[in-house]
């Protein structure tokens with residue numbers, strides 16, 4: 001709540017910011033930008049957008065995915081920079097640093113708590129939506145792609161599919177998520193157990209540092225390359241592009257869904273799922289969704305299982321009969337399809353034969369919703385009585401849910417310090433979720449209160465010392481930082497939860513590559529205090 005208070009406080013400041021002040025910031029920035037680049041005045045008007053620009057509001061709102069931050073009271077950037085080429089990004093960094101202005105970096109806008117486009121201080125937004133070039137090369141080893149960080153996952157999947165139906169990339173199932181944030185925060189999807197995290201397939205990158213210089217993997221050196229794979233790129237620079245290795249998948253994969261009520265032994269299914277899902281064939285990913293009975297107005301929890309199997313339906317039905325009879329999987333529950341179609345199915349398109357893959361190219365969702373998310377990691381199976389208490393409480397909390405994502409498989413064979421992402425050797429991850437339709441502080445207090453209730457209920461059953469969180473499920477409840485004199489101490493509070501023991505190395509890298517802490521946000525990696533450098 002501390003950051004929300006700051007944001008509303010800042011909103012009054014933002015709205016009272018005199019037009020003279022706003023004009024001065026714009027004029028100073030433009031003069032610097034023109035000095036650093038060779039941009040024409042015509043191009044400049046499309047790249048550097050002041051609040052008075054007709055393109056300012058549509059550009060800002062286009063990639064705000066959480067409606068909580070798409071209101072008139074939220075603080076707005078003084079300028080939005082929409083770069084077209086690398087030199088525009090370099091100029092944005094140089095000029096923002098010269099003028100001591102905070103620079104927010106936005107690729108897809110899916111930061112759950114809005115830190116890529118909202119701040120309590122005067123700030124600029126660097127919108128990378130034009131950086132969406134993707135080059136797929138199937139002749140490079142087993143296949144690779146260079147993808148700019150403003151591209152979406154859907155665009156990446158589509159460009160791979162254009163070249164091959166048996167090549168894929170292991171990342172998220174939401175097609176409008178931006179590559180930049182997803183990859184730099186770790187990244188995962190429905191092939192995580194087979195192929196590991198998204199960052200495990202990153203082999204090169206280009207980044208603009210705090211001095212406006214561009215580096216690839218060789219010139220940035222391995223410490224920085226390590227940090228931007230799971231540590232969040234926005235703490236260290238502006239990542240322009242990633243080179244990723246592709247994976248091969250069968251021509252035919254299988255998806256299935258099983259829904260159960262409490263009367264249909266949903267509790268038994270979820271209990272057994274904890275033992276099977278993290279230990280079964282790595283080619284099988286089974287996600288469980290638990291939700292309060294908002295829609296059907298019953299008094300029981302809705303329990304849904306959604307799955308992808310990298311193989312044929314007959315094989316997974318036989319496997320589940322042996323390992324997971326509580327699921328009750330039947331052949332008629334399964335659908336065989338191509339990998340690209342499985343992504344459409346995961347988008348809730350039931351009849352994938354009637355949906356064209358081009359839908360993956362759509363960048364904007366139908367509408368942004370009001371939402372809040374939190375995360376947890378589970379290291380030991382919950383007992384049936386413990387699950388039963390969760391079910392009973394969840395049934396009373398409107399619009400609240402939990403998404404359980406199994407780990408195991410490839411995640412267990414990689415060291416926790418191989419990349420900056422530390423949460424590998426877990427049973428499963430929980431996403432705590434609440435989404436609501438209505439604006440206003442009363443609705444926000446009610447529904448976020450419900451979410452925090454489920455989060456508190458889970459306290460005894462999840463990781464401890466610290467209670468771990470997933471960076472890409474941004475959660476300002478676990479701590480925020482104004483980067484003052486005690487910035488390191490504040491950063492350590494949320495930093496240990498996101499990064500565990502890897503936090504120490506991340507701080508050392510940050511201090512080395514950005515000693516002035518130019519690249520910062522309310523949950524960025526802090527620098528070491530002067531007396532510890």
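Glycine is no exception: its Cβ is also placed from the backbone N, Cα and C atoms.
Annotated features, as they stand in Swiss-Prot:
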- 32-95: disulfide bond (DISULFID)
- 73-249: domain 'FAD-binding PCMH-type' (DOMAIN)
- 35: N-linked glycosylation site (CARBOHYD)
- 70: N-linked glycosylation site (CARBOHYD)
- 133: N-linked glycosylation site (CARBOHYD)
- 296: N-linked glycosylation site (CARBOHYD)
- 412: N-linked glycosylation site (CARBOHYD)
- 417: N-linked glycosylation site (CARBOHYD)
- 1-20: signal peptide (SIGNAL)
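Annotated features, which come from Swiss-Prot, shown on the structure.
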| residue | record | DSSP class |
| --- | --- | --- |
| 32 | disulfide bond | helix |
| 70 | N-linked glycosylation site | coil |
| 95 | disulfide bond | helix |
| 133 | N-linked glycosylation site | coil |
| 412 | N-linked glycosylation site | helix |
| 417 | N-linked glycosylation site | coil |
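Closest by Cα distance to residue 35 (N-linked glycosylation site), from the recorded positions 70, 95, 133, 412, 417, is 95.
If you take the C-beta of residue 417 (N-linked glycosylation site) and look for same-chain residues 6 or more apart in sequence within under 8 angstroms, you find 501, 502, 505. Across the residues of the domain 'FAD-binding PCMH-type' (73-249), the predicted structure has a mean pLDDT of 97. Its Cβ taken as reference, residue 32 (disulfide bond) is surrounded by 18 other Cβ atoms within 10 Å in the chains shown. With the fewest other C-beta atoms within 10 Å around its C-beta, 35 stands out among the glycosylation sites 35, 412. Summary for the recorded positions 70, 95, 133: the Cβ-based neighbour count within 10 Å is maximal at 95. Taking CA atoms as the reference points, residue 412 (N-linked glycosylation site) and residue 133 (N-linked glycosylation site) are 33 Å apart. Across the structure, residue 133 (N-linked glycosylation site) and residue 95 (disulfide bond) place their CA atoms 25 angstrom apart. Counting in whole angstrom, residue 95 (disulfide bond) lies 27 from residue 70 (N-linked glycosylation site) by their C-alpha atoms. Residue 32 (disulfide bond) sits 30 Å from residue 70 (N-linked glycosylation site), taking the Cα positions as reference.
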